[in-house]
Amino acid sequence: MSSLINGKTVFGSLAALATGAGAYFVAYPYNREVYMTNKQINENDAFTVKKIEEAYKKLQESEKCNSLLKKHLTKDVLNKLKYRKTKLGASLYDVIRSGVFNLDAGVGIYAPDVESYETFKDLFDPVIEEYHGFGPNEKQPPVDLGEGKTSDFPPLDPKGKYIKSTRIRCGRSLEGYPFNPLLTGDDYLIMEQKIKNALETFKEGDLKGKYYGLARMTPADQKQLIADHFLFKEGDRHLQHANSCQYWPLGRGIYHNNDKTFLIWVNEEDHMRIISMQNGSDVGAVLERLNRGIRKMEEKLKFSRDPRLGWLTHCCTNLGSSVRASVHIKLPKVSARKDFKEICERLNLQVRGIHGEHSESEGGIYDISNKARLGLTEYQAVKQIMAPELQQYHETNKECFYNTNFPYEELSIIFNSGSSIFRNVVIYGIGDKKEILESLKENYLSTMKSIYFEGNSIRFGTRELLDAINEECNLNIVYSKSDFIQYANMIKETINKKPKKFSLALLINNCDNDELIYDTIFHDCLTLICSTKKIFFIATCTRPLFPAPGSIAREDLRCYFFKFSTFKYLISDDNEDDNMDLYDDDDEVTHKVESIKAVYDSLTPNTKHLFSLMMQQFAINNYKSILSDDVFLQAKNEFLANSVPAMQEMMTEFLDHKFIEKYHDNSGRTKYTLRIKKTVLNDFMESEGIVFDDCNEE
């Protein structure tokens, strides 16, 4: 019934597969893994070696190529791997072919078969480690689909304002078969029929549906399914050059349930892509449906899984859990930023257009998904998209932040998170317990009635220190997150009972701490307290001025707090340092509102953002910000390395216009201070809509 020709199994009379192949499989079990005996490239394959060497040369000579392939295919690795091949005949050239033809690729390699991950591990392992952060000695954790835990995934955007749809998919490869580049036409037909047989188990319930073979689909059906984002198109140039689209559309197809919320792609990039999707942002419902579909398919099919790498896939970016959880989300403001993709990278998110990888956005809508898949369980992979919901965070918090305009009064709260609590609370530096207590008493506790604390200090006994503060100042100290919701409600109730002019000075320290930024309880409580519309903001942060752009949440917090700190300390007339006198009425040095506004309006958006950050930092650091030269240089270098080269231009501009002044302190260190007259700055703030009512301190 079959014959072996050049290591490939060829079947005759396969036409019957379309109608009755189920019995055919029972009568003749089929195993695609036919091994070649020679695992080294011989003299007859010298042409392959030459192609590999020429490919290496092309990669190294290309100035525009920055792929992981180019980085990790060193001369030593090349010489070690160029004569190797797998049992099915895959060479190094088959692995790197796509990246050689597509020099703009980010990764640039594909596995032609399962064995390639071992045979060519000297190339795959470093690429996998850099992409996934998964070292050669690490191991994929056991399967955890999150069954029974879908309540951990509430809707990301309950009002449906930004997220259009949610989708979770996973890849699976049939055990005993190579990946696309080494599949024959017969393989595609047989694999398709095996999958169709397994789909017969979906006879009832919400997974019930119909399979459509791509070769037999009408053009109208095909066009509509693509437009609805249900059906895949023939592979892009990256897959084409990996030889992953051979015999197209033979053996390819799609199964979808009647509601089109559960789909299976057959023989696209991977043997199977199991997909659950629906409009809106209910991640839990999407995951629950996906899990039921996976378990059903596992009843009839065996999939390729490696003890170390997890579920095996054609592209090494999908290894491990193979889960990609994504949302189609409208991000018109955030996506306009030049560093949009860099921001998503730092959030460990992947950005695509709405038609898949290497496609473009339409109407400001992007496909945002988890980037990491390896080293995480399926449950953990989905969990990644829950924290940084970009646009919703910005918009839903904007109202409660921007509608507050109240003078400073007696009540302050400190929010902290993680082990850095007192390292960053005291912005004047780390000292022993006595020094920190004295600093807190001198600078904060005279107006403070309550402290919220969560976390443990690695420097000293935090509970002991807080008890000492409480004993000295009779403060109400809250220790745990579980108490904080109740505490926030108490604050809200107290504030609402106060006279209209009463306001809360909200001192949020360490506001760029990652744990704090993604702490949902913190955000819930902050929003709750902000809803009183009686908040005056002061934020503190001891990271360098102008830190590298991190999360959207982090940058938004800085911008919000800048708006409401409104230079309280900056415009103070109190001044004991002769080197830091604010400008007087001398016409030569007094800046008119018009000149300041003219300079401000001429700045680029990036520089305006830097100006905002600078003003915030000046406003919060004990009357004015004094930056030592090394701190300034660290900040400048960090910003230049991660954003746009605007720092030096801005500093020169500010120095020229006397926004700031450079001088040397008593120890000879270079420092910078703000040099703008109080009344002029007040007028400027007023012209920009930044209002501040001076506090009436006794």
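Cβ coordinates come from backbone N, Cα and C, glycine included.
Positions annotated as domain 'Phosphagen kinase N-terminal' by TrEMBL: 51-133. Here TrEMBL flags 162-399 as domain 'Phosphagen kinase C-terminal'. The annotation ATP binding site is assigned in TrEMBL to 165-169, H229, R273, 324-328, 352-357.
All features noted in TrEMBL, drawn onto the structure.
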residue: S165; record: ATP binding site; Cβ neighbours (10 Å): 18
residue: I168; record: ATP binding site; Cβ neighbours (10 Å): 27
residue: R273; record: ATP binding site; Cβ neighbours (10 Å): 22
residue: S326; record: ATP binding site; Cβ neighbours (10 Å): 20
residue: R352; record: ATP binding site; Cβ neighbours (10 Å): 18
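Look at the domain 'Phosphagen kinase N-terminal' (51-133): DSSP puts its residues at 49 helix, 3 strand, 31 coil.
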